[in-house]
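**Student:** Please find one structure pasted underneath; my questions will follow.
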Amino acid sequence: MSNVNTLSALAKSGALSGKRVFIRADLNVPFDDAGRISEDTRIRASVPGIRLALDAGEAVMVTSHLGRPKEGALTEADSLAPVAQRLSELLGMQVRLVPDWVDGVSVEPGEVVLLENCRGNVGEKKDDEGLSRKMAALCDVYVNDAFGTAHRAEATTHGIARFAPVACAGPLLEAELEALGRALHDPKRPLVAIVGGSKVSTKLSILQSLADKVDQLVVGGGIANTFMLAAGLPIGKSLAEPEQVEQARAVIEIMKRRGAEVPIPTDVVCAKSFGADAAATVKAAADVAEDDMILDIGPQTAQRLADILKAAGTIVWNGPVGVFEFDQFAHGTEVVARAIADSAGFSIAGGGDTLAAIAKYGIADQTGYISTGGGAFLEFLEGKALPAVAVLQARAA
């Protein structure tokens, strides 16, 4: 799908031996109050790309951003030092942290060094050409293995790729592009998308883009409440955006004209207040009272969605369908999650809340592909070009 050069193809060809490789990874991991890494999925995900380069006989430089430091003024809290330590453990070899690296790095074939937080460099976020050229001069091969930042044009994700002698995608980025392409460019039908979240306004362009492509567009959370309003149903004091009703109607209309559908809930789970101890009541969608808040889809709607998902050829999942953090409002999301797990179709899931739901119901192994990119995943769904991918495509052309 993505017609880019790949690290795996270069490694196979034997063209990398003795070369200097610069890998832009996504090692932006969370820390606990004691300054320890609390969740290391992203670091573990970067290991195959680093190993591939090492096994091909390269001298390996790796960098990433961490948090949002002030350019030119890194503090101890912004340092990748704990990441270097964790990477050393995972690779079974010492990974040296290099602080000031833009003007030159000494690294030998078979060695891995971690270049300090790239967002500390002045000009990184602006994709500065001078900085990009300096970084490109450090390497023979540039590898982007950070899908999570593919929607940003920064010096380490975009600029350097313009000037490095060779620019390619690492295995993580390659797998991500393949999965997304399989889901949206050449999907097995029926294609079903689930878009949850609180606001139509933040996901409107995604809803509009998907309305042209999918066979069923399932909406959840506050977004579903706005669509219920658009369908003339009462929603009480539920979270919704009345000013987006016309847009919601337009999406329903586009789908209808194509013979596709936005399944509107027929029953819902309501409460009089929002909280872990709120009492849940199941009601028909038409019977929602003025003081009710809709916090989940009802069992009848959940079953209908499960039937749609089980028959799907391809599923794109972004967002829960209810307030699944509270168990009494989690049934809808659980039914949807288990239906995706049981579906024979190919599924791709992305976004923080979605990943939390996958973890809660233990269905990671039954989900076709779990996207590592939040913002990048959403922009891909919108049909936008991702700058970091576009530059690799241009270099491969």
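Cβ atoms here come from the backbone N, Cα and C positions, even for glycine.
Not my notes, these are from Swiss-Prot:
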type    : residues                                                               : note
BINDING : ASP26, LEU27, ASN28, ARG42, HIS65, LEU66, GLY67, ARG68, ARG119, ARG152 : substrate binding site
BINDING : LYS203, GLU325, GLY351, GLY352, ASP353, THR354                         : ATP binding site
**Student:** For the binding-site residues listed here, ASN28, THR354, which shows the highest count of neighbouring CB atoms within 10 A?
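**Tutor:** Going through ASN28, THR354 one by one, the largest Cβ count within 10 Å is at THR354.
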**Student:** Suppose we draw a 10 Å sphere around the Cβ of ARG119 (substrate binding site). How many other Cβ atoms does it contain, all chains included?
**Tutor:** 22
**Student:** For GLY351 (ATP binding site), just count the other CB atoms lying within 10 A of its CB, please.
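**Tutor:** For GLY351 (ATP binding site), the 10 Å Cβ neighbour count is 22.
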**Student:** What does DSSP assign THR354 (ATP binding site), in three states?
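**Tutor:** For THR354 (ATP binding site) - judged by DSSP and reduced to three states - the answer is helix.
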**Student:** For the binding-site residues listed here (GLY67, GLY352), tell me which residue's CB has the most neighbouring CB atoms inside 10 Å.
**Tutor:** GLY67
**Student:** Please work out which residue of GLU325, ASP353 has the most C-beta neighbours within 10 angstroms of its C-beta, and give that one of the binding-site residues.
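**Tutor:** Buried the deepest by this measure is ASP353.
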**Student:** If you draw a 10 Å sphere on the Cβ of LYS203 (ATP binding site), how many other Cβ atoms land inside?
**Tutor:** 22
**Student:** What's the longest C-alpha separation between any two of LYS203, GLU325, GLY351, GLY352, ASP353, THR354, the listed ATP-binding residues, in angstrom?
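**Tutor:** Site span for ATP, by Cα atoms: 21 Å.
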**Student:** Could you tell me the C-alpha distance between ASN28 (substrate binding site) and GLY352 (ATP binding site) in angstrom, no decimals?
**Tutor:** 14
**Student:** Name the one residue among ASP26, HIS65, GLY67, ARG119 whose Cα is closest in three-dimensional space to that of GLY351 (ATP binding site); these are the binding-site residues.
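**Tutor:** Sorting the binding-site residues by distance from GLY351 (ATP binding site), the top entry is ASP26.
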**Student:** Which one is it, among the binding-site residues LYS203, GLU325, THR354, that lies nearest to HIS65 (substrate binding site) by Cα separation?
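**Tutor:** Minimum Cα distance from HIS65 (substrate binding site) across LYS203, GLU325, THR354 lands on THR354.
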**Student:** Just to verify a number: CA distance, LYS203 (ATP binding site) to ARG119 (substrate binding site), in angstrom, no decimals.
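**Tutor:** Distance between the two Cα atoms comes out at 28 Å.
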**Student:** Give the sequence-ordered list of residues that share a chain with ASP26 (substrate binding site), lie 6 or more positions from it, and have CB atoms under 8 Å from its CB.
**Tutor:** ARG42, ALA45, SER46, SER64, HIS65, ASP145, ALA146, PHE147, GLY148, THR149, THR372
